[in-house]
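Record features (TrEMBL):
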type	residues	note
ACT_SITE	HIS633	active site, charge relay system
ACT_SITE	ASP682	active site, charge relay system
ACT_SITE	SER783	active site, charge relay system
BINDING	ASP259, GLU262, ASN279, GLY283	Ca(2+) 2 binding site
BINDING	GLU351, ASP361, ASP398, SER400	Ca(2+) 3 binding site
DISULFID	CYS263-CYS277	disulfide bond
DISULFID	CYS273-CYS286	disulfide bond
DISULFID	CYS288-CYS301	disulfide bond
DISULFID	CYS301-CYS328	disulfide bond
DISULFID	CYS358-CYS376	disulfide bond
DISULFID	CYS417-CYS498	disulfide bond
DISULFID	CYS478-CYS511	disulfide bond
DISULFID	CYS516-CYS562	disulfide bond
DISULFID	CYS546-CYS580	disulfide bond
DISULFID	CYS748-CYS768	disulfide bond
DISULFID	CYS779-CYS810	disulfide bond
DOMAIN	259-302	domain 'EGF-like'
DOMAIN	448-513	domain 'Sushi'
DOMAIN	514-582	domain 'Sushi'
MOD_RES	ASN279	(3R)-3-hydroxyasparagine
Amino acid sequence: MRLQIRPGQLDGCTRLLLIFLGLLWGSAAAPQGPQWPEPVFGRLASPGFPGEYGNNQDQRWTLRAPPGYRLGLYFTHFHLELSYLCEYDFVKVPTERGVTRTLSGAGGSRRRGPVVGGWLGRDTWERGLASEGGKEERRDGGPCVLPSLPVTPTLQLSSGTKVLATLCGQESTDTERAPGNDTFYSPASSLDVTFHSDYSNEKPFTGFEAFYAAEASSPPRGWIPAKPAGEKSADQSNTIPGANISDSHAFRPPTEPDDIDECQVPPGEAPPCDHHCHNHLGGFYCSCRAGYVLHRNKRTCSGQVFTGRSGVLSSPEYPQPYPKLSSCSYSIHLEEGFSIILDFVGSFDVETHPETLCPYDSLKIQTDKEEYGPFCGTTLPSRIETKSNAVTITFVTDRSGDHTGWKIHYTSTVVDCGPPEDLPNGQVQYVTGPEATTYKAEIQYRSRPCPGPVAPPNGRLAPVQAQYVLKDRFAVFCETGYELLQGRLPLRSFAAVCQKDGSWDKLMPQCSIVDCGPPEDLPNGQVQYVTGPEVTTYKAEIQYRCNEIFYTMRSEDGKYVCGADGFWTSSKGEKSLPVCEPVCGISTRTVRGRIYGGQNAKLGDFPWQVLLLGRTTAAGALLQDNWILTAAHAVYEQKEDASSLEIRMGALKRLSAHYTQAWAEAIFIHEGYTHDAGFDNDIALIKLKNRVVINSNILPICLPRKEAESFMRTNDIGTVSGWGLTQRGFLARSLMFVDIPTVDHQKCTAAYEKQPYPGGRVTENMLCAGLEGGGKDSCKGDSGGALVFLDNETQTWFVGGIVSWGSMNCGEANQYGVYTKVVNYIPWIKNIINNF
């Protein structure tokens, strides 16, 4: 029901509130109340509905509406015991009169009333009155929320009780009344509904379901109409009796809204609800017939579901004509193990056609195994034994015809599997009971027993039984360190089943000890059998060792054991091989000699030294066994053609035919280096295609530790080696080296500021080394070579600088060699090596 509000209603409510506030407190501003009363509507039902109501039931519902409104009550289901004058079971609908009412103040309670199965809609008026001292107090809000104050005597009702109706049975008789399609209206704003049942019902009765709603009525008695402005009352009083208030604040009845009933459907339009539509002030709502469920869309009703072991279902309104354009679904769901039987009873009348099978209205029955129907016509269908515990019945009608429909009585029986089959060479035993063959009954087949199995060595059986007969089984499990084998085929599991001829379906397997097989070879290392020569079975031990003195094992002790899973496993649980890393920084030399002003090196003095032959001659230093550290400017022009770079190691003579050849796979230039724009970030890495074999002549240099700068302070001695220019101006034929001190960074910076070198600027990423008087220096052809320092704690050599740039005249006084400071690039070096 939609409300169309007329002007002026709120003013009347406000005036009414001001009257009572003035009586209590003098003068005050009136709060604005709601424009209309909240909708009063809901549902009543007998206890247990739609099931049977019990004996000796007494229940009363008190319904209240705002002043000026009445209550309408109608029934959608009514099935009570019939008795003379409704003496046994009945519903009584009186309306109270003569009760003094005191209206309560603003913000009254709006909670649900004590109605079994009932509800009040959206924050509605509360049903029921609180009685105290012979007075009733309304505990709710409304169009005009008033303080607790007795109204004038004109609001009192008579002290007697008027009974609107006493109802029972299903249909009205000469002496008893059933509600039928009637709507009962309260003469005033209250309505009491009383339900009573006696001590004994001769057969089951399903009770009632009713719905109520408030609607506007004539103004309540005792309210004084407002007078036009300036008009006096007969006694020239201008006041309400008992109050000294102007007639401009006189009581006014609420303006009646225009009510639009959404449940009234124009011809040709679809109804708003599947079954029942209930109109109320401000809207409507839907409900379903007993046994149906309202869908979450609040309009559609889903089919009935029956779970009892027997029952009755029928077409809608049976035996009256069933509705047109309907689609009904009924479901019977019983526990597993029961079979449903359907018997059509009474009359059967479904619209049919003489030539086509059930084209108009039809009844279909479906189980998980079979479909029955469609059924139509007037011939009662035969009994249907579904042999299923779940049945769905669908009934569809069209828009024409006038037929009474059908009725089904369903029962159920326990599923019977029948006598079990005979077993050749055996017998069957009834476990549940003599010849019990119904649902969940158990039988036991017994036949000639199978031979008692014997567990294989290092194995066990489960379960162990004194006797194994038909369908008995056993599984074989091996002890830890042993595996199941059928011949040479490994098995993940094994189970054998006793067959009806007394034999096992599989041969007994063996439990063989786990064999991990020969261990893998260790690159740059070797393996030793600890348990015994070439013993590789469960719990056997081996020892990996790296080739000393040039390789060392990374964070492992090298001990491995053959595990029960068939893998060699380290003491730390690793199944992968240990890693033999090359040792670094080992040299056979002592501190001596020079390059520019230096002397020849010997084999083993600088085993990390690398000769790079490309578009220019340069040098580098071996890292690990597959990387080379060098200067960016030395290999920049070949960064896109790494394979053309020739790499030689393990030789002293620059032109010697005896050396170890290596090839570049990729060249990595530091991203901060800019060619021909200075030498900041002058560092590069070359990755080799293959690892080189480490020996006394080929061995990597170490990277500096965190403490390395303590060995690279001013005047600490470093050594640089190479095949660069000598004092004669030619490339050295043999590898040469020189020991030179490091120079204070500010002193070096100042020296190059006095005599600027084209494109040269000393930065924090560089270090300087050389003599103030000159004479010892690296030179052209030494670029990319390592400036190394001795770590006094580990007694190994590490790379502190990379030959980068310097004075045009090598070894010149007050000019120093400038080197890339490697310690600043450790994160970059490790990132490249670890990720490529």
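Glycine too: its Cβ is placed from the backbone N, Cα and C atoms.
Sequence features, as recorded in TrEMBL, placed on the structure.
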residue	record	DSSP class
CYS263	disulfide bond	coil
CYS277	disulfide bond	strand
GLU351	Ca(2+) 3 binding site	coil
SER400	Ca(2+) 3 binding site	coil
CYS417	disulfide bond	coil
CYS511	disulfide bond	strand
CYS546	disulfide bond	strand
CYS562	disulfide bond	strand
SER783	active site, charge relay system	coil
CYS810	disulfide bond	coil
Exercise. Quick one: among the recorded positions GLU262, GLU351, ASP361, ASP398, ASP682, which has the most Cβ atoms sitting within 10 Å of its own Cβ?
Key: ASP682
Quiz item: So how many other Cβ atoms are close to CYS546 (disulfide bond), meaning within 10 Å of its Cβ?
Solution: 23
Quiz item: Between the recorded positions CYS277, GLY283, GLU351, HIS633, which lies closest to CYS562 (disulfide bond), Cα to Cα?
Solution: HIS633
Quiz item: Which of these disulfide-bonded residues has the least crowded Cβ, counting other Cβ atoms within 10 Å: CYS301, CYS580, CYS779?
Solution: CYS301
Self-check item: CYS478 (disulfide bond), number of other Cβ atoms within 10 Å
Solution: 24
Self-check item: By Cα-Cα distance, the member of recorded positions GLU262, HIS633, SER783 nearest CYS301 (disulfide bond)
Solution: GLU262
Quiz item: Around CYS516 (disulfide bond), how many other CB atoms lie within 10 A of its CB?
Solution: 21
Self-check item: GLU262, ASP361, HIS633, SER783 screened against CYS376 (disulfide bond), Cα within 10 Å - retained recorded positions
Solution: ASP361
Quiz item: Taking the mean position of the Cβ atoms of GLU351, ASP361, ASP398, SER400 as the Ca(2+) 3 site, which residues outside that list, in the same chain, have a Cβ no more than 8 Å away, listed in sequence order?
Solution: LYS324, TYR360, THR397, ARG399, GLY401, HIS403
Quiz prompt | Closest of CYS277, CYS328, CYS779 to CYS511 (disulfide bond), Cα positions, disulfide-bonded residues only | solution = CYS328
Exercise. Let me know how many other Cβ atoms fall within 10 Å of the Cβ of CYS768 (disulfide bond).
Key: 25
Quiz item: Where CYS516 (disulfide bond) and ASP682 (active site, charge relay system) are concerned, what is their Cα separation in Å, rounded?
Solution: 51
Self-check item: For the domain 'Sushi' (448-513), mean pLDDT (0 to 100)
Solution: 94
Practice problem: Go through CYS263, CYS273, CYS286, CYS562, our disulfide-bonded residues, and report the one whose Cβ sees the most other Cβ atoms within 10 Å. | Solution: CYS562
